[in-house]
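Novice: Here you go, one structure.
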Amino acid sequence: MDLIFAEATPPGRSGVSVIRLSGHKARRVAEQLAGPLPIARNGYFRSIRDGEEVLDRALVIWFQEGHSFTGEEVTEFHLHGAPVVVRRVTQTLTRCGARQAEAGEFTRRAFQSGRMDLAEVEGLGDLLEAETETQRQLAIRAANGELGKKAEIWRGLLIRAGALVEASVDFADEEVPEEVPEDVYSILAELRTHLDNEIGGFPAAERLRKGFEIAVIGPPNAGKSSLINRIARRDVALVSNIAGTTRDIIEVRLDLNGLAVTFLDTAGLRSSTDEIEQMGVDRAKRRALAADMRLHLSETNEIDQELWRDGDLSVATKMDLELYKVSGNSVSSVTGEGIDELLSHIHDRLSLRVAGAGIVSHERQLSALVEARKALSDTEQIPPELLAEAIRQTAASLDRLVGRIGAEEYLDVIFTSFCIGK
Ligand code: GDP
């Protein structure tokens, strides 16, 4: 593998900038800049030179092949965090034969050298993108290889079942065994339960990872925008405020006590005689219905039956005006009354929905699991001679789950979403 480098820390000024160099001769090249580095994983405080010229004084550490993030020989330069220092050092490394890494290339090498499985790579990607506490918690479990460990246990069950089937074939007088030991069926039933549990926990885990969408709907002037603005301003952990996918929808992302939540302001939800506007309204309605929950706002606590779904909340607005006597949730976006209660109500409901979250949170992982589960369906009815094949298919699906096979088509998609230097 050729020698690659990248800034591991964000570009710009900082106390320290770390450049990582990975590949064959990573140590030798580093020694050209920093002098001898005899012991691996040892911090050396050295002058970093381009020929005779001292570029910086920095901490240099090298890692042996097999003991680094990428699995290759790696050197880290902990430079002073000035862009010009980083630039000079990377120019020198380029002259020494190294090249700038592509996005995700370090992680790709870690995967290719077997340091990480595909589910860990996905977990690491999620960790780098995590904005809230629950996203971080899920991602770190995935990045630590929790799914791979489960898959290993499941493979162990398959190997046991497979061995029992093989043995019954070997011992049978004819080629095809009449009877398969009962144990095979109980092992496969156990595995089915594991897979069902994990598949069942997918929707919740995916919600944790991607966050929830809450559509704020109601008639014009119900106070939708005011409520969203109030929530966004009050919430100290506001993440961002980005324009929606359609002209009619504003998205406000925030951290609701650790849960990632996007509030959708569906400003356009009114009937219109204008055909184009009506199309926009229909689109907004579809979006509102696709959301995880809807807040139905009105001054009178009325709801739109067409858009009401189980788990929705009705919210009376403008409680400071006391226009109507209403029961249930009521808020004032002017005084802030009722907002905290509403948010904690929403949080409680969403928390219930993520209670059974598993570790599988990506479609790719789910489809491998579903495939594995399918291969194990009706094993009681499968003739013994086909049982071994079903077991092999299940094992292949589990291999796909961790990227042992069939990873290529996903790699580019996954790694291009990584930043350079990861
Ligand atoms: P939307 O059309 O549903 O987004 O409603 P807006 O948020 O634009 O609010 C419509 C009008 O109601 C505006 O004049 C707001 O200032 C007013 N309004 C919204 N919320 C409150 C509130 O809680 N109290 C009072 N007094 N006025 C409000």
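Glycine is no exception: its Cβ is also placed from the backbone N, Cα and C atoms.
Below are the features I grabbed from TrEMBL:
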type    : residues                       : note
BINDING : Arg20, Glu76, Arg115, Lys422   : (6S)-5-formyl-5,6,7,8-tetrahydrofolate binding site
BINDING : Asn221, Ser240, Ile242, Thr245 : K(+) binding site
BINDING : 221-226, 240-246, 265-268      : GTP binding site
BINDING : Ser225, Thr246                 : Mg(2+) binding site
DOMAIN  : 211-351                        : domain 'TrmE-type G'
Novice: CA-CA, which of the binding-site residues Asn221, Lys224, Ser225 lies nearest Glu76 ((6S)-5-formyl-5,6,7,8-tetrahydrofolate binding site)?
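Specialist: Spatially nearest to Glu76 ((6S)-5-formyl-5,6,7,8-tetrahydrofolate binding site) by Cα position is Ser225.
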Novice: DSSP says what for the domain 'TrmE-type G' (211-351): how many helix, strand, coil residues?
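Specialist: Each residue of the domain 'TrmE-type G' (211-351) counted once, the result is 46 helix, 40 strand, 55 coil.
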Novice: Return the residue, from the listed binding-site residues Arg20, Arg115, Lys224, Lys422, with the maximum count of other C-beta atoms within 10 angstroms of its C-beta.
Specialist: Lys224
Novice: Determine the mean pLDDT over the domain 'TrmE-type G' (211-351), rounding to the nearest whole number.
Specialist: 82
Novice: Once the chains shown are all counted, how many other Cβ atoms turn up within 10 Å of the Cβ of Ser225 (Mg(2+) binding site)?
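Specialist: For Ser225 (Mg(2+) binding site), the count of other Cβ atoms within 10 Å is 14.
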Novice: Counting across all protein chains shown, how many other Cβ atoms sit within 10 Å of the Cβ of Asn221 (K(+) binding site)?
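Specialist: Counting Cβ neighbours of Asn221 (K(+) binding site) within 10 Å gives 14.
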Novice: Near ligand 1, which of the binding-site residues Arg20, Asn221, Lys224, Ser225 are found, taking a Cβ distance under 6 A to any of its atoms?
Specialist: Asn221, Lys224, Ser225
Novice: When DSSP states are folded down to helix, strand and coil, where does Lys422 ((6S)-5-formyl-5,6,7,8-tetrahydrofolate binding site) land?
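Specialist: DSSP call for Lys422 ((6S)-5-formyl-5,6,7,8-tetrahydrofolate binding site): coil, neither helix nor strand.
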Novice: Between the Cα atoms of Asn221 (K(+) binding site) and Arg20 ((6S)-5-formyl-5,6,7,8-tetrahydrofolate binding site), find the distance and write it as a whole number of Å.
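Specialist: Distance between the two Cα atoms comes out at 55 Å.
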Novice: Could you check which of the binding-site residues Arg20, Arg115, Lys422 is the closest Cα neighbour of Ser225 (Mg(2+) binding site)?
Specialist: Lys422
Novice: DSSP three-state call for Arg20 ((6S)-5-formyl-5,6,7,8-tetrahydrofolate binding site): helix, strand or coil?
Specialist: strand
Novice: Give the helix, strand or coil assignment DSSP yields for Arg115 ((6S)-5-formyl-5,6,7,8-tetrahydrofolate binding site).
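Specialist: DSSP call for Arg115 ((6S)-5-formyl-5,6,7,8-tetrahydrofolate binding site): coil, neither helix nor strand.
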Novice: Across all the protein chains here, work out how many other Cβ atoms are within 10 Å of the Cβ of Glu76 ((6S)-5-formyl-5,6,7,8-tetrahydrofolate binding site).
Specialist: 22
